[in-house]
């Protein structure tokens with residue numbers, strides 16, 4: 001192994017330690033609450049230079065770590081640089097560049113399209129960047145490679161943030177797309193489609209019009225827009241979603257395909273041409289060709305870098321263990337793109353390879369089983385068993401559940417996709433022959449026909465289960481490493497962990513929480529105590545989706561909670577939109593609302609739940625279709641704590657409540673009526689309630705521009721502490737004997753620089 005000398009003539013430092021220290025420093029950006037300023041980075045660079053002059057290996061490693069931090073932060077600042085283009089009052093910006101997203105000849109009017117910006121305002125931009133556009137596909141059809149001049153209203157990325165939910169901001173930053181926008185004018189510069197689009201169009205013409213067509217397009221070109229919701233659900237339920245998107249596995253298979261083609265070619269060449277160099281080079285060419293076909297998205301680029309680095313190590317003749325090679329490749333990927341540490345796909349791939357490396361070291365197969373072909377099923381079972389056992393903690397944390405059919409299905413699907421389907425797809429790309437694409441479609445149809453009859457044995461699991469799975473995996477590893485002593489030590493550690501979890505749960509019984517989930521424009525509140533939960537309103541719905549599926553159910557599963565009941569304030573879709581998916585997910589759940597036919601939520605109703613008293617203050621009677629002023633208003637009381645939930649009541653209903661309740665309306669916490677509309681939150685109502693804290697459910701980019709500036713001023717004059725989901729993400733109010741504590745997701749629960757409010761500080765448009 002290469003051992004360059006440390007600066008200053010100090011101790012020798014292995015190359016592996018050097019790149020690992022640099023990569024570890026770069027990876028720290030994933031944990032920073034704020035990005036250090038350029039002045040701080042300059043000081044850190046100077047400190048690193050001084051440490052590099054020391055005749056001390058540990059200090060040199062610290063210097064390299066600092067260099068890695070600087071490198072990672074500079075990359076992050078570079079990705080954030082396009083935010084400077086945002087204009088006040090959302091004025092349009094002139095952009096020139098080319099389309100990256102491929103056209104799949106979709107008939108939808110608006111399509112999310114990735115556009116590469118090369119010029120801004122007529123001048124060449126220093127570092128081109130990508131932006132996500134809502135492209136008018138019907139009026140201005142596009143294809144990959146076309147060059148356009150666009151006038152675009154840009155806005156910063158901003159995602160909903162809830163525990164257990166999809167982190168859209170982290171995803172966007174990891175992919176280098178921090179701006180989104182809507183073009184207001186289009187001017188074509190060059191309408192010719194690029195080679196990638198032409199290849200896709202040829203494939204689309206030859207592909208049969210079957211259900212498997214969408215899967216083949218996703219596997220061949222990384223374009224998943226044609227996949228139906230049922231196909232996505234089927235893959236997730238059976239744990240094979242990782243096989244149906246271009247990832248490191250597929251790029252590696254493309255490299256292996258190229259290597260195999262070169263080896264076959266060498267059979268007819270003279271012996272002196274039979275060297276490992278040509279197969280390795282052709283393998284890398286095929287890998288990068290597949291990366292290009294996939295649209296060069298960041299996960300594919302990272303996989304291409306990893307394959308190339310492995311090939312370079314082999315060509316240079318490095319003699320390395322599997323662990324060392326794995327360490328070097330991961331470090332190289334992180335140094336190539338430090339923001340890769342924000343990518344969920346990177347951690348899944350990294351953990352999977354690391355787990356397999358550990359598994360084969362801890363529990364290797366006998367020599368005869370590794371060599372003989374008849375033991376291939378045993379080797380496959382051994383591999384899948386290792387992945388299943390060691391990946392469970394991460395899978396539960398990320399997906400809030402486990403597929404009980406994943407092991408048998410993957411034993412069939414992994415070799416099927418790896419050694420049959422992907423090679424046929426690559427052959428189809430190479431030959432563009434209809435018979436090859438028909439064969440690929442038959443393979444996909446066969447796989448789907450085997451999966452569809454299988455029951456969806458999806459076991460929802462929470463973070464507690466992840467801790468248990470991690471504990472089990474650690475116990476198993478200790479036992480394999482230390483035999484009897486490891487078994488005993490693992491048992492003691494497990495007992496300590498279980499006892500600690502029990503102590504934490506017991507200590508938490510006197511506390512209850514109210515969670516206002518971040519559901520954009522709408523409302524969803526969860527009341528949690530003793531591991532039980534009730535829901536007050538359940539977010540919006542729209543064509544093709546709803547907030548219950550996207551945010552509420554993942555939040556419940558992530559926390560290991562099953563709701564006992566739902567209270568709907570009124571029958572507007574931004575408050576009851578998630579009812580059907582919640583009732584399907586939790587069939588035994590009860591429902592209260594002010595609508596006729598449901599369990600009543602009208603004035604005079606009163607009940608106890610987990611020691612909390614629920615008192616319905618409004619409306620006075622049930623109606624057929626309750627609107628804003630017929631919202632179910634609830635007062636929650638427990639000990640000295642009082643919370644007022646108001647739905648969408650407006651000033652008329654507020655006035656009636658003041659006349660009916662007077663001092664009975666006083667509350668510590670108030671849910672802001674009607675998202676902060678100027679038609680609600682009258683001064684009289686606020687003086688009567690006199691809240692210490694107010695919580696508002698609002699969206700940043702909302703056409704209604706809630707909350708109103710006048711309403712905000714009223715609350716400020718009242719002296720109430722204001723918290724809204726647009727700025728805070730999920731808001732958690734904790735009630736205990738010690739008092740009230742408010743925790744915001746964006747700034748307190750998981751404070752990260754990539755969760756910041758990007759763009760103009762006060763906008764809520």
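Backbone N, Cα and C atoms are what each Cβ position is placed from, and that goes for glycine too.
Values in this document were obtained by computation on a predicted structure and should not be read as measured data.
Taking Cβ pairs closer than 8 Å, the transmembrane segment (18-35) reaches residues 4, 61, 64-73, 75-77, 80, 327-328, 330-332, 334-335, 338-339, 341-342, 751-753, 756 in its own chain, all 6 or more past its ends. According to TrEMBL, the transmembrane segment annotation covers 18-35 (among others).
The feature transmembrane segment is assigned by TrEMBL to 41-74 (among others).
Outside the transmembrane segment (240-261), and at least 6 residues removed from its termini, the chain residues within Cβ reach (under 8 Å) are 215, 218-219, 222, 224, 227, 232, 279-280, 282-287, 289-291, 294, 297, 299-300, 302-304, 306-307, 311, 345, 348-349, 406, 409-410, 413-414, 417-418, 422-423, 426, 451. Per TrEMBL, the feature transmembrane segment maps to 240-261 (among others).
Taken from TrEMBL, the feature transmembrane segment applies to 273-293 (among others).
For 300-321 (among others), the entry in TrEMBL reads transmembrane segment.
Annotated transmembrane segment per TrEMBL: 341-362 (among others), in sequence order. Within the chain carrying the transmembrane segment (341-362), a Cβ under 8 angstroms from the stretch's Cβ atoms is held by residues 26-27, 29-30, 170-171, 173-175, 242, 247-248, 298-299, 302-303, 322-323, 326, 330, 333-334, 383, 386-387, 389-391, 394, 398, 477, 480-481, 754, all 6 or more beyond its ends.
If you look up TrEMBL, you'll see 383-406 (among others) marked as transmembrane segment.
The transmembrane segment annotation in TrEMBL covers 412-431 (among others). Within its own chain, the transmembrane segment (412-431) has Cβ neighbours under 8 Å at 199, 203, 206, 216, 219-220, 238, 240, 243, 249-250, 253-254, 257, 286, 290, 293, 380, 384, 437, 439-440, 443-444, 447, 450, counting only residues six or more beyond its boundaries.
Here TrEMBL flags 465-482 (among others) as transmembrane segment.
Taken from TrEMBL, the feature domain 'Metallo-beta-lactamase' applies to 521-698.
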